[in-house]
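Asks: So TrEMBL lists these for the protein:
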- GLU92: active site, proton acceptor (ACT_SITE)
- CYS342: active site, S-methylcysteine intermediate (ACT_SITE)
- CYS119, CYS123, CYS126: [4Fe-4S] cluster binding site (BINDING)
- GLY169, GLU170, SER201, SER224, LEU225, HIS226, ASN300: S-adenosyl-L-methionine binding site (BINDING)
- 105-337: domain 'Radical SAM core' (DOMAIN)
Amino acid sequence: MTDLYRLLPEEMEQLVVDMGYPRYRADQILLPLYYKFPKVINDIPQLPKKLREDLTEAGYTIGSAKETHRVVSDDGDTTKLLLNLTDGTPVETVLIQYPSSKINGHPRSTICVSTQIGCAMGCVFCATGQMGFEKNIRAEEIVAQVIHFADILQQRGEHVTNLVFMGMGEPMANYDEMIRAVRILTHDRGFGIGQRNITISTIGLISGIDKLAEEDLQVGLAISLHAPNNELRKKLVPTAGPNSVEDIIEAGRRYFKKTGRRVTFEYALMKGINDSPKIATELAILLKGNGSHVNLIPINPTAGDFNRPTQDSIREFERILFNAGVNCTVRIEKGIEISAACGQLRIDIVG
Ligand code: SAH
Ligand code: SF4
C-alpha cells in the first residue's frame, strides 16, 4: 500500500507514465489532492475510471487522519486535535489563529504538526519527552495532519498560512520523512505553502541543522536552547550529550550564513530554574552581537514540578536581553486552558 500523499509531484508523474498514461494525468491527481482533499481515489471524478482502477489495484490509497478528539480554546483561536494515523496511533495537531493578524483578509492560521509519537530527547519539562519514544511519523502522515486542518479551514473560507514543526517529537531525529513532507507541502504542484512560512524547531541536533542548511530551502529554523550554559542545559535536556551550547549557537550561525534566514532561539522560562537576572545576563552575553532572536516561552506546567515565572521576572528577563541588544519577544502562549503544550492533550486522553 502506498499513500498518494507520500509522493512528490515528480514521483506522481513517473507513476502515471509507468502505468502507461500521459504525464498530464499526474496533475489531475495532484490538483484535487491538494485543493479538494478527496478521501478515496474514487473521489477524483476527473480521472479516467481505468486509471482509478489501476491505481487501486497497484495498491495506491489516499490516507487521511481520523479525528477522534477536538478541543477548542475559550476564545476560539486555538483548536487542538487528536488524529488517528492510518495504523490507529493517536497524534496531536494544533491550529493557532491570530484574528488580529490578517493575511490578504484572512486570519493568520498556523498549523503545528507532530513528527514523532513521543520523543527520545527526554526534556524534563516536556510532556512528549516524558512519554519516551514510540515511533517516527511518516511523511504522508505529517502531510495528512496539514490536509485535515486545510479541509476544516477551507470550509470556513480560510486557509493554512503558516506551518510550524513544533508538535510532538524532534524533527531532526526523523529527518528524511520530515524533509519529504516539507518538499511535498512546499511544492508548487503539491500543497504549495511558501518555504518562508514554515519553521522547523529542533532541540539542537547539530548534524540535522547542518543538513537542513544544505537543502536549498528557505525554511525558518528555531533552536530550543533553554539555558545559557551546559551544566544547566544538561539538567533540562538530559540527552544534550555532545551538543554543547556553544556548538549549537555556532550551528545556528552557519545556518544563517548559508540560508540568510534568521534563527530564533526558543527559551522555555521556568520559575526558579532558568529565569534569574544572572542567567538572563549570561544568555545576553552569549547571544549578543550575532543578530539572533530569542523567543521566551513561559512554561506550560506539564511534566514534573515546573512553574511559570511571575510577570515581573519575565519582564525583567526580557529587559536584560533587550538592553544588551538581543532581539527578544515573549511568546503569548495561546490555549493554555486546553493543554496547548506539546504532547499534553494526548497524555490527558490516551494516558
Ligand atoms: N523537539 C523540538 C520541537 C517540538 S517541541 C524542540 O524541542 O524544539 C516545540 C517547543 O515546545 C520547544 O521549544 C519546546 O521547548 C517547547 N515546549 C515543550 N514543552 C513545553 C512546555 N511544557 N511549556 C512550554 N513550552 C514547551
Ligand atoms: Fe522532544 Fe522537543 Fe519535547 Fe524535548 S521539547 S522532549 S526535543 S519534543
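The backbone N, Cα and C atoms fix where each Cβ goes, and this holds for glycine too.
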Asks: Residues with Cβ closer than 8 Å to the Cβ of SER224 (S-adenosyl-L-methionine binding site), same chain and 6+ apart in sequence?
Replies: CYS123, SER201, THR202, ILE203, GLY204, VAL237, PHE265, GLU266, TYR267, ALA268
Asks: Compare the C-alpha of CYS119 ([4Fe-4S] cluster binding site) with the C-alpha of each of the recorded positions GLU92, GLY169, HIS226, ASN300, and give the closest one.
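Replies: Spatially nearest to CYS119 ([4Fe-4S] cluster binding site) by Cα position is GLY169.
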Asks: Among the binding-site residues CYS119, CYS123, CYS126, LEU225, whose Cβ has the fewest other Cβ atoms within 10 Å?
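Replies: Comparing Cβ neighbour counts within 10 Å for the binding-site residues CYS119, CYS123, CYS126, LEU225 gives CYS123.
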Asks: What same-chain residues, at least 6 away in sequence, bring their CB to under 8 Å of the CB of GLU170 (S-adenosyl-L-methionine binding site)?
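Replies: Set apart from GLU170 (S-adenosyl-L-methionine binding site) by at least 6 residues yet with Cβ under 8 Å, we have THR115, GLN116, CYS119, ALA120, MET121, THR202, ILE203, LEU205.
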Asks: Do you know which of the binding-site residues CYS119, GLU170, ASN300 end up with C-beta under 6 Å from ligand 2?
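Replies: The qualifying binding-site residues are CYS119, GLU170.
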Asks: Three states by DSSP: which one describes CYS119 ([4Fe-4S] cluster binding site)?
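Replies: Reduced to three states, the DSSP call for CYS119 ([4Fe-4S] cluster binding site) is coil.
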Asks: If you check the recorded positions GLU92, CYS126, GLU170, SER201, SER224 one by one, which have a CB less than 6 Å away from any atom of ligand 1?
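Replies: Listed by sequence, the hits are CYS126, GLU170, SER201, SER224.
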Asks: Kindly state the mean pLDDT of the domain 'Radical SAM core' (105-337) in the predicted structure.
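Replies: So the average pLDDT across the domain 'Radical SAM core' (105-337) works out to 94.
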Asks: For ASN300 (S-adenosyl-L-methionine binding site) and CYS126 ([4Fe-4S] cluster binding site), determine the Cα separation and express it in whole Å.
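Replies: Spelling it out, the Cα of ASN300 (S-adenosyl-L-methionine binding site) and the Cα of CYS126 ([4Fe-4S] cluster binding site) are 9 Å apart.
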Asks: Determine, to the nearest whole angstrom, how far the Cα atom of HIS226 (S-adenosyl-L-methionine binding site) is from the Cα atom of GLU92 (active site, proton acceptor).
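Replies: Spelling it out, the Cα of HIS226 (S-adenosyl-L-methionine binding site) and the Cα of GLU92 (active site, proton acceptor) are 23 Å apart.
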Asks: Between the two most separated Cα atoms in GLY169, GLU170, SER201, SER224, LEU225, HIS226, ASN300, the residues recorded as binding S-adenosyl-L-methionine, what distance in Å do you get?
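Replies: The span, Cα to Cα at its widest, is 18 Å.
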Asks: For a quick check of packing: other C-beta atoms within 10 Å of the C-beta of HIS226 (S-adenosyl-L-methionine binding site), how many?
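Replies: There are 27 such Cβ atoms around HIS226 (S-adenosyl-L-methionine binding site).
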